């Protein structure tokens, strides 16, 4: 079977992963409306391609928070990579480094931050943080990440409690006994009473700020009001995200929310987006609407499920080729030429 | 089979109820457009969730007409509960009391008001009234209800005649011989010439007013004009309802009508809504658009069909958990924080 | 099989009519988009029902061009009724008279005007005219109709040539040898070179006017421009029609066109509509949007196919009952109370 | 099987062509959204037909760049006609001449320009050009075309690189060994490194201008900005095209883009459109929205696949008959009477 586009990897993963793992990765909250809307919303955006631009050389490189990446697609934080591939996050880290892009390692990794670092020294990585009831545990994680050379701290804001994913409830999902949320092993066990702290508020950004010199990127923002608050609380970046539709169902598609967040932010901090990216042209649309970079979640897992590090590189390479081609066909020779004039919202 | 969400109960009821009973409960008028629109219209509303609010404690209690209920979901009036479960409305009353919410008992109950009262003393209950050609019979019902401690009188306005439900016509639906509309036993028999009075007008509100000191809630209002009339005629509450799509097909979805009714009422009386509630997040949407409380019809019957009193409690508990989680994920720690800023209508 | 609604008759006709006849009646032009849109467009209109009106008596009678009919539904002109039932248009005439409504007999009847008249003396009938290349033949038809007591002359304007109905082409549709277009027998044969005159213009209204004292109703108008021209040329009525979607595909649905025609006409002449009426509530919508009466085409043929005169009466009686019920549920006690306040266009 | 409409030819081609050839012709880029939108967009346009115009004679002739054609439908440039029929482009040229319309021969023909010319001397033909890295090869092609009597030069602008057509990648599509891109045989081989020059810009129009006295028609324009640039760079015509949805997926449907291009051009040059034409009424819509002529791509190939020259004539004849009938039914007796008043965009 030729792996031509990302849905080939999805089909592979659906076929070969254990059902309980596939269901966990695929799950959306409740009716999965938002999960699916993330994809559909891209289809309602139309390009306005420009002809007869010199696109003999197409430069797809960009920078995020000052670091150059080979193209504006990074790896979003997702949990439990060993469910997809035995080497877990170590493979992810290697693939991201090989493709010269950014990998946001999740708190809920099945490898430790140290293992991830050691697997791919020198790779550009950010660390995704949930603030726990046990604040000391969170503080320790942040400081470990900083010490290991992670270059950004991504605070996830949309999980005061876990969303209701019906299939996980039906399956009684839990990690197989041989896998562990290793980063937190000492502190507490997953799948008992949730360790996440639902009392976190905007003021906790100041507390985080006091712990680390890493830039803070806030993830889960969907409205102009929260975007304004994020900027005022001094974050360095915003990831427009609805957690892949796994938390509050029937919130906005992220590409739709991106528009209002970008407008509110007015360039004061970098804005990124995740959710629903399935083709290189989706990346182009997100950038045209103001994202500095996008992050992929499930497609990275499909790549891992296919062939580990190599499979994830395949996924990234396809996105890269498709993104470059889309840019050329839209008349853009470099990322800086991408702008809102390239897209319009379909009336349908 | 795990009962994870309300559609699990629907599937159960469809599988295990006698077809004629399932068809009766499921029926909509004509093409069932409005019945289905009630559900679809919720899907067109998108949340605007707020992040980083302290939602460590989420208080879902509210009050309707001064009585506290455990969460803003009550039991809408539906007929013939013995078709779903042998104990009929007695089970309904017990479940509502156990969950500390309001149960609107229907004129067309298969238990008497006295039996309902005795089954769950002290429960919060309203009585739903049709005005009959035989006004004395109606007067007697109102006075029995008041004497039994029912705390509200719900006047249904959308049944001057019964809607055309094709399946009921095909099935020749009628109550099995061992069930009776017991509240009306002396006065007349159901399923002959309709006992409902199609000449009722707004002036009959004054007549009702003269019979009882109970608050009057008017059910079946769908337009701003009628909402204004209701307020002017001195009702204490309005239930925006289209009778579950069983009367005039192709009227508005209730959640859409709610918006215009709330706007017209301008807070002068409490506004409630029924029809199409299938998830806790639907409750949140209805409250965001101005409802003080919602009522569930068919889902309550599915709960009864599953396990009587216990099954209905399961349904209510699921809604309660989902509602609490939706509030937390949207950033609301109490019902008073829910407002229109939380939602927007999707353009699709 | 219970005949509960009009689609039951459609299913019956589809099952029992010869395929070639079913296909002929069902056919739309090209992709059948307009044929289907006629129905779908009704579904996009929502009622705004009014509660607590006295609807103990609902008067559904109305008048068209001064003649009272039992309810605002007449029989649209369609050809070849013998394809549906041996007695053909004689049965149609009898059913229309029995139900006290108007029957527009087609030029392409398989019975003569004389036979139709004799079958149901005293019934309210209009005669539908195509203007033929042989003007003398047309003149003779008009004068026969007037002499026979037909009370209106309906000029069809949308058939300068026959629309392309793919199934008819594939089937090689033609009348079986034992049926004839009897009204035209002497003048020419159908299914050879079309006898219809494609050079007819608005001025020919004056010619028609000179032939008869019957009121002239113009059929096939879909735009405000043509509505204005019709009024200026002195017609007495307009039937908004797209020939059941059998002529120009992808014109407007008739209920949509009705709105603009009614607006342009400003009450100067009566406006009717045909196409897509399948329920009594469709009739109510058409009247709310300004139609004085609607006409049914295919449903009348389904009734004939079911049981001839009796089957067509069944169809009309169902529409009558449904229309009366819709009025009551919308809060209207008489046709004069129906108005635009009762409906709104859905945004979907 | 009767060949009644263009989809009959499509079904035939799908059934009888080798899969690899069918897939190649049918392919769209990526998700094929734009390929399909080209068709769907026509369905959202509604006619506003005018009644009672004299349409006894309907003149469907028109002129493009001064040359009369029998009706406003030409043959768009598509490659590799031998994949559809052994005689390839020679059959296409003969059919176009027989039907007295314009054929745009593709650079990627499987016959030489000389063979095409010799097959149908005197036919109206334009030559479609890609500008190659080897500019001398392009210059030679232009000059051969001019010398052979081609009357227009069509510059395709939307292929700096080939779009990603998944099925072609899966199939490993390449020309069978016995077919050749004969026009380019000496210069280079297809299916190795793309010979197309992605550095072409608007200035190259001036270079082309210097090579030939043929009118230059630019193909692939989709926005008002590019339309303005085209006019300023002195082209004689614009073909609004998205390459049948084979290049940048999720650009606009061509009929939608036509509206904005026509508006920008303000009559300064002729505007044509291709993509999605499947019925005569589509032609009428395109002309109503300002196209001077339309071009068909895939339907021409289906005609070839059916019966070569004869099959393509069948396709053109069906379009011709349908177009003439649509005009008559819309009330137009000649192409000059077609205008924007005949159409409106459906809200759905």
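Cβ from N, Cα, C; glycine included.
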Of the candidates C:16, C:24, C:42, the one that TrEMBL places in the glyoxylate site of C:165, C:243, C:246: C:24
Residue C:243 (glyoxylate binding site) - helix vs strand vs coil (DSSP): helix
For residue C:246 (glyoxylate binding site), the number of other Cβ atoms found within 10 Å of its own Cβ: 27
Binding-site residues (C:77, C:275), the one with most neighbouring Cβ atoms at 10 Å: C:275
Average pLDDT across the domain 'FMN hydroxy acid dehydrogenase' (C:1-348), rounded to a whole number: 96
Spatially closest candidate among C:24, C:165, C:246, the listed binding-site residues, to residue C:79 (FMN binding site) (Cα to Cα): C:24
Neighbours of C:24, C:165, C:243, C:246 excl. site residues, C-beta within 8 Å of centre, glyoxylate: C:27, C:28, C:29, C:162, C:163, C:168, C:244, C:245, C:247
Using Cα positions only, nearest of the binding-site residues to residue C:24 (glyoxylate binding site) (C:275, C:277, C:297): C:297
Minimum Cα separation from residue C:275 (FMN binding site), reported as the residue among binding-site residues C:165, C:243, C:246 that achieves it: C:243
Among the glyoxylate-binding set C:24, C:165, C:243, C:246, as the record gives it, the longest Cα-Cα distance in Å: 13
Cβ atoms near residue C:243 (glyoxylate binding site) (within 10 Å, other residues, all chains): 28
Residue C:77 (FMN binding site) and residue C:165 (glyoxylate binding site), distance between Cα atoms, whole Å: 18
Cβ neighbour count (within 10 Å, all chains shown) around residue C:156 (FMN binding site): 23
Number of other Cβ atoms within 10 Å of the Cβ of residue C:241 (FMN binding site) across all protein chains: 29
Between residue C:243 (glyoxylate binding site) and residue C:77 (FMN binding site): CA-CA distance (Å): 9
